[in-house]
Amino acid sequence: MLRPRMGTRKKVHAFVRVKPTDNFPHEMIRYGDDNKSIDILLKKDTRRGVVNNQQTDWSFKLDGVLHDASQDLVYETVAKDVVSQALDGYNGTIMCYGQTGAGKTYTMTGATENYKHRGILPRALQQVFRMIEERTTHAITVRVSYLEIYNESLFDLLSTLPYVGPSATPMTIVENPQGVFIKGLSVHLTSQEEDAFSLLFEGETNRVIASHTMNKNSSRSHCIFTIYVESHSRTLSDEKYITSKINLVDLAGSERLGKTGSEGRVLKEATYINKSLSFLEQAIIALGDQKRDHIPFRQCKLTHALKDSLGGNCNMVLVTNIYGEAAQLEETLSSLRFASRMKLVTTEPAINEKYDAERMVKNLEKELALLKQELAIHDSLANRTLVNYDPMDEVQIAEINSQVRRYLEGTLDEIDIINLRQIQEVFNQFRVVLSQQEQEIESALRRKYTLIDKNDFAAISAVQKAGLADVNGHLVGEPDGQGFGLGVIPFSFKPGKKIKSKKTFKDQLSIPVRKEGASSPLSTKELDISPSKTQLILPPRDGDVKDMRDRETSSTEPFPSDSPKEELRPPRPSTPPSKPVAFEDFKNERGSEINRIFKENKSILNERRKRASETTQRINAIKQEIDTTKEALNVQKALREKQGEYENKGLMIIDEEEFLLILKLKDLKKQYRAEYQDLRDLRAEIQYCQHLVDQCRHRLLTEFDIWYNESFFIPEDLQVALKSGCSIRPGMVPINRVVSLGEDDQDKFSQLQQTMLPEGPESVSFYNAKVKTEQKHNYLKAITGLQQVNKK
Ligand code: ADP
Ligand code: MG
């Protein structure tokens, strides 16, 4: 990340350094008094035709003219600021430009054998390490690399170090969001000045050796020595840290082609050099032009490698090395022109800030803890009982899941909002419940039915061949075609409802049956709904449903019996007893066990309802008291405000009475919550018991229905078959043999059965289909049973 220094647009600093000479042409080269301008004057009769009859005087204004300047002064003038700002995070680039022999290498590297004459490079390293020593507040690391670009090829001048070794693949310039780096270039961590110097010398040596062994002219290559600085604050737990690079560039000689009549290798070198230097100039000028958004960095290796270190956001210094000799005036002019063009370029240095992920996490954790404390204080001031903001554990999630289920079932009116995390978990659990229900429905369907894709004609025709379905895909024997056919589930119902409640019921059922009806021989499975044994279910009549429920809680009987009891004796009476009468008998005989469980469940249900109503009353009472307390508190508060408030160090002083009221209110709210929680639990239990009661009633009625038909309406021959047992059991009576109940009775039964459907009318077609299918199944079984009996 770059952070620009506001309003600090800077120009590229351009200096000119004149190489000392014994015969300095004073009449041709003049310096201004400000030591910043340099004038070149040519006599008209100069032998060099090029300048004849053309402009003869040039004046260049630069940032400084270094004439007879010591290495020390050059460093102070040119490099010192750039280096010191690099430690604050600003990239810096210092380049030496000029014709071969004008003193670029002398300026940059200096005389390696003479300390006094050392150049910018060793001095920069010294300054960096000196500054690190001074900055005890920061942990600063230094790395260096030394790159040479020769004929557009990259060479690592430090690859000879034993621990580096030559790179197997050629180096490439890689760009990433952090900047530009050269893949394959060795970068060396240096903890002290001396190591850094060793590296510098290693590189210099390689530069010289390469010029011999590879027959390459060292003045034809660009050399970039880079110092990488990374600075972390030791004192601040700041996750930000800064990085910077100082590029010290010794450019190839700028002399132009043609002067020496170059050919072959030299020509090639010269072409590359001219190109790269002119690209460098183009890139820098483009950088200075704020209207330009494309900078041609990739045109050559030099500009590409320096992409994040040129112009733009870094400190840039150009040292133009010139000869102080009349014979070199043409190149000198060319170099000075380059310098003055560079000087016009503006840059906007910016700090390279990066983020230390580890520190950032630590700081965020700290802040989180603080905010939590803040929240706790806020809650206690707002009289909220302790709210937990931590991530939820399994138990809490399970609780939310149960709330959501109860909410969906309708036993919970609303889910209280506690905090954001809880809200999110509620939504999450909605999704969980929904997808579970979908799966349950599907697996329930698959258990029972073979689902065939409507578009799978092969499968459909196979089923048709087997005689199980008619051409429309309806099961054989479905006159209305509304039953459970083949293909996509052909009914509309609310996803999951029945199956889900059925499962919950099953799950729940096993508990009270075992616990409160321990002697019950009926297993969960046996108590399960068996719609196969019921009549078809018809849409409910709204009022009746409620009516039936009310009745069932007040009376202990599931079936209203107004007629007097009649004894049911074998042999079978010529006229069957009325259904209510027969029902009484059934409850005492065959249905006694179910009836007992049914009654037990109902008494539990009633007991829970009573408790729920008591709890509701208590809650109301507490609510009232809360209201009165609040009112009293308000009065007290108003009084205090009227009398003038006392403050002590920003804290409000309240009297004891008000304080006690606050405490009381807090206590009441706590009670209120506890009671409310109880009520919620009770409601869940009530819902649960209600299911049990419903299912028991259903079972009782179903069994009764079968028993009644078998006892009074089934022909004698079938009775024999039933008695001989084998494959026919109650519930397997062929439906075509079962005499229908009277209009009224059937109606009543249908209504009763409707009350067993908690889902409402949408589910009717679903159950109808289910019942029909089961009936068909049982019918086929019974027929087989009868055939076997007849054979005997
Ligand atoms: P370049 O790198 O530009 O080709 P060099 O730095 O190699 O030129 O300089 C050529 C020669 O001139 C070297 O022997 C160097 O020591 C000498 N020289 C260059 N500038 C100075 C200077 N300012 N003072 C003393 N000697 C210099
Ligand atoms: Mg040189």
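Glycine residues also receive a Cβ, built from the backbone N, Cα and C atoms like all the rest.
Taken from TrEMBL, the feature ATP binding site applies to Gly98, Gln99, Thr100, Gly101, Ala102, Gly103, Lys104, Thr105. Neighbours of Thr105 (ATP binding site), defined as other CB atoms within 10 A of its CB across all chains, total 22.
Per TrEMBL, the feature coiled coil maps to 354-381 (among others).
For the coiled coil (605-632), the residues of the chain that approach it from at least six positions outside its boundaries are 553, 661, 664-665, 668-669, 671-672, 675-676, 678-679, 682-683, 685-686, 689-690, 692-693, judged by C-beta separation under 8 angstroms. Summarising the annotation, TrEMBL assigns coiled coil to 605-632 (among others).
According to TrEMBL, the compositional bias 'Basic and acidic residues' annotation covers 541-554.
Here TrEMBL flags 11-345 as domain 'Kinesin motor'.
Per TrEMBL, region 'Disordered' is recorded for 515-586.
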Binding-site residues compared (Gln99, Thr100) - the one with the fewest other Cβ atoms within 10 Å: Thr100
Fewest-neighbour residue among binding-site residues, criterion Cβ within 10 Å, set Gly98, Gly101, Gly103: Gly101
Sequence-ordered binding-site residues from Thr100, Gly101, Lys104, Thr105 with Cβ under 6 Å of an atom of ligand 2: Lys104, Thr105
Assigned element (helix, strand, coil) containing Thr105 (ATP binding site), judged by DSSP: helix
Local Cβ density at Ala102 (ATP binding site) - other Cβ atoms counted within 10 Å: 28
Averaged pLDDT score, the coiled coil (354-381): 83
